[in-house]
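These come from Swiss-Prot:
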| type | residues | note |
| --- | --- | --- |
| ACT_SITE | HIS450 | active site, for 3-hydroxyacyl-CoA dehydrogenase activity |
| BINDING | ASP296, ASN500, TYR660 | substrate binding site |
| BINDING | MET324, ASP343, VAL400, VAL401, GLU402, LYS407, SER429, ASN453 | NAD(+) binding site |
| REGION | 1-189 | region 'Enoyl-CoA hydratase/isomerase' |
| REGION | 708-729 | region 'Disordered' |
| SITE | GLU119 | site 'Important for catalytic activity' |
| SITE | GLU139 | site 'Important for catalytic activity' |
Amino acid sequence: MLYKGDTLYLDWLEDGIAELVFDAPGSVNKLDTATVASLGEAIGVLEQQSDLKGLLLRSNKAAFIVGADITEFLSLFLVPEEQLSQWLHFANSVFNRLEDLPVPTIAAVNGYALGGGCECVLATDYRLATPDLRIGLPETKLGIMPGFGGSVRMPRMLGADSALEIIAAGKDVGADQALKIGLVDGVVKAEKLVEGAMAILRQAINGDLDWKAKRQPKLEPLKLSKIEAAMSFTIAKGMVAQTAGKHYPAPITAVKTIEAAARFGREEALNLENKSFVPLAHTNEARALVGIFLNDQYVKGKAKKLTKDVETPKQAAVLGAGIMGGGIAYQSAWKGVPVVMKDINDKSLTLGMTEAAKLLNKQLERGKIDGLKLAGVISTIHPTLDYAGFDRVDVVVEAVVENPKVKKAVLAETEQKVRPDTVLASNTSTIPISELANALERPENFCGMHFFNPVHRMPLVEIIRGEKSSDETIAKVVAWASKMGKTPIVVNDCPGFFVNRVLFPYFAGFSQLLRDGADFRKIDKVMEKQFGWPMGPAYLLDVVGIDTAHHAQAVMAAGFPQRMQKDYRDAIDALFNANRFGQKNGLGFWRYKEDSKGKPKKEEDVVVDDLLAKVSQPKRDFSEEEIIARMMIPMVNEVVRCLEEGIIATPAEADMALVYGLGFPPFHGGAFRWLDTLGSAKYLDMAQQYQHLGPLYEVPEGLRNKARHNEPYYPPVEPARPVGDLKTA
């Protein structure tokens, strides 16, 4: 043994060839600060070996290196800029020394090589991969950019276009694509990986492969003519501006850095990468996006822990076909859980099957599946007008009309047709689960399972625990949701549960702004362009359906009369009474016509201004700041109340539900992350300016207490140790 660290070791293989093996104590390898330091020590040992002829890098895990240790990021991002810059210089000196070894090097890459893992193998001369490879640089999705030389080496290896596509989008590629663009030099079966890598290494040692020529381009300026450079970087900047926008500075910073570094060799190019990385790491956007990643891991870990002792449902059923039922059936079948889809109407069954077939055909068109796979999936969806096969299902989700009487009748009837241990769930969006449970003989086997539309795209499923829902019931539906590829978040029961309960105060803020003379077009523009929502409130209401919102608004008002009962006719009432239901009938805040792709395209409709004039004061202008405050305060206050009342368990789960269920702008990180960034004291000062608008603007007492001491909702993070300590961590 030449060297043994906590996460890697170095040993001789044969005849002057050494192997450096990443083998962390846990289930995966991460390129954390300790591993970077250990890698530097191992390379120091190699540099002393006069008889060294070649080096093989490999992993003892199912994945090579999954990336940097993101749990360290928030503390690293608090380190002063100068210290963070020094540590990056140290880390890059390690990879430079690996790249500068006087012998050929190869990485045998299996599974994931992401972020720092990818940057590590870019420093070797050759890369051989297994078919399950996923390799790439996802850093821009975390609000930063590659910091271990990825933005320097990848463009010089692949050319600017391929590298920009990966780096700016934060994407990863599979083995075939990696081979095609030159990111790896070959792909072999897993059992042949080390053998194949050794064969390449021997060829390089013997002079059959010119490893020095392979290495040289990574040390030099990027080989691009002025015209090629202008085309590549202009196109890349245009694409980034279109897709990322101003709220996500990392992608455009990465592109500009690669452009600026193109005319320099490795050392100066790395300095430019360092100078760009450090300011990004100190942005609110980076902290928010890293926070989302960590919250996502927390939520998924919680679901995994919850389901460790239950069997995932093997057969499911959906009550009520149509678009929603068809979407749920498709998602279940697509992920391998056969499903019975029941409706009392043959026309609805046809609609549900058509929806599933449409989604599968899209996968076929994109080349994700072949005809055989399509036929196989669709054959596991069984449409029926009766209860045939219900005696074999493990879980049933009801997705009929949003009417408590109808839902109770359907659930009670279904309970008599299934096994005593079958779990029933309702896809209701607002009706309390404990109320629906009153119709059942086995309420302990019942809970809520709130999917979001469109089901195949929206990652969140709210799992609602009723007063009598058993732990096993909750665990079974969480297991099914996870199997479907969704992110399940368990909430406690109340009208609207969590997501809709906090959404309708937001809509109330919108209605009050309109009542006071604001223009809905400006509100939408501000909330989309300035705050960052994917849709403004008017457009969102048109997509949700004005009739749906009108009904849900009444349910929420009955559930929370002190805050959500209004004493005036609002814009939703006005449009509903005019039979303007949004996209579903082509008339809402806008008029809708199908474009060439069959998608609804919004157009101005002057009739709307006349309708709204009847329920609002004369038009007046509001500042962007006032619009944002009046829209967000009711939502944030209600989010805080949900935490204080135990409807949602943690700030992390609340923020993920908002991001995954409502499209809360990820660069804000969710309501609690936004609150922490703003500061609870500053938020209280802002909210107090609008308390005259009513109970929705009154700040909850718990938040007032935090504001007195300016306390955050997320646990404070301590800065990482000084750079000198980090080097030897």
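Keep in mind that glycine also has a Cβ here, set from the backbone N, Cα and C atoms.
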Provide, as an integer number of angstrom, the distance between the C-alpha atoms of HIS450 (active site, for 3-hydroxyacyl-CoA dehydrogenase activity) and SER429 (NAD(+) binding site).
6
Do me a favour and check the Cα-Cα span between SER429 (NAD(+) binding site) and GLU119 (site 'Important for catalytic activity'); whole Å is fine.
45
Cα distance (Å, whole number) from GLU139 (site 'Important for catalytic activity') to VAL400 (NAD(+) binding site):
43
Below 8 Å Cβ to Cβ and six or more residues apart, same chain only. Which residues does that give for MET324 (NAD(+) binding site)?
ALA399, ASN427, PHE451, ASN453, VAL455
Do you know offhand how many angstrom separate GLU119 (site 'Important for catalytic activity') and GLU139 (site 'Important for catalytic activity') by C-alpha?
11
In sequence order, what residues of the same chain, 6+ apart, have a Cβ less than 8 Å from the Cβ of ASP343 (NAD(+) binding site)?
LEU319, GLY320, ALA321, GLY322, GLY325, LEU349, GLY352, PRO383, LEU385
Integer Å distance between the CA atoms belonging to LYS407 (NAD(+) binding site) and ASP296 (substrate binding site):
33
So among GLU139, VAL401, GLU402, LYS407, all listed as recorded positions, which is physically nearest to TYR660 (substrate binding site)? Use the C-alpha atoms.
GLU139
Between VAL401 (NAD(+) binding site) and ASN500 (substrate binding site), find the distance joining the two CA atoms and give it rounded to the nearest Å.
17
Sort out the sequence-distant neighbours of ASN500 (substrate binding site) for me: same chain, 6+ apart, CB within less than 8 Å of its CB, listed by position.
SER429, THR430, ALA552, MET556
Which residues does GLU402 (NAD(+) binding site) neighbour through Cβ under 8 Å, counting only same-chain ones at least six apart?
THR428, SER429, THR430, ILE431, THR548, HIS551, ALA552
Cβ-Cβ neighbours of ASP296 (substrate binding site) (radius 10 Å):
17
Near the Cβ of LYS407 (NAD(+) binding site), how many other Cβ atoms are there if near means within 10 Å?
23
Since the record lists VAL400, VAL401 as binding-site residues, which of them has the fewest other Cβ atoms within 10 Å of its Cβ?
VAL401
List the same-chain residues at least 6 positions away in sequence whose Cβ sits under 8 Å from the Cβ of GLU139 (site 'Important for catalytic activity'), in sequence order, or say none.
GLY115, MET145, PRO146, GLY147, GLY150, ILE167, GLY170, ALA250, ALA254
Which one of the binding-site residues (SER429, ASN453) has its C-beta surrounded by the most other C-beta atoms within 10 angstroms?
SER429
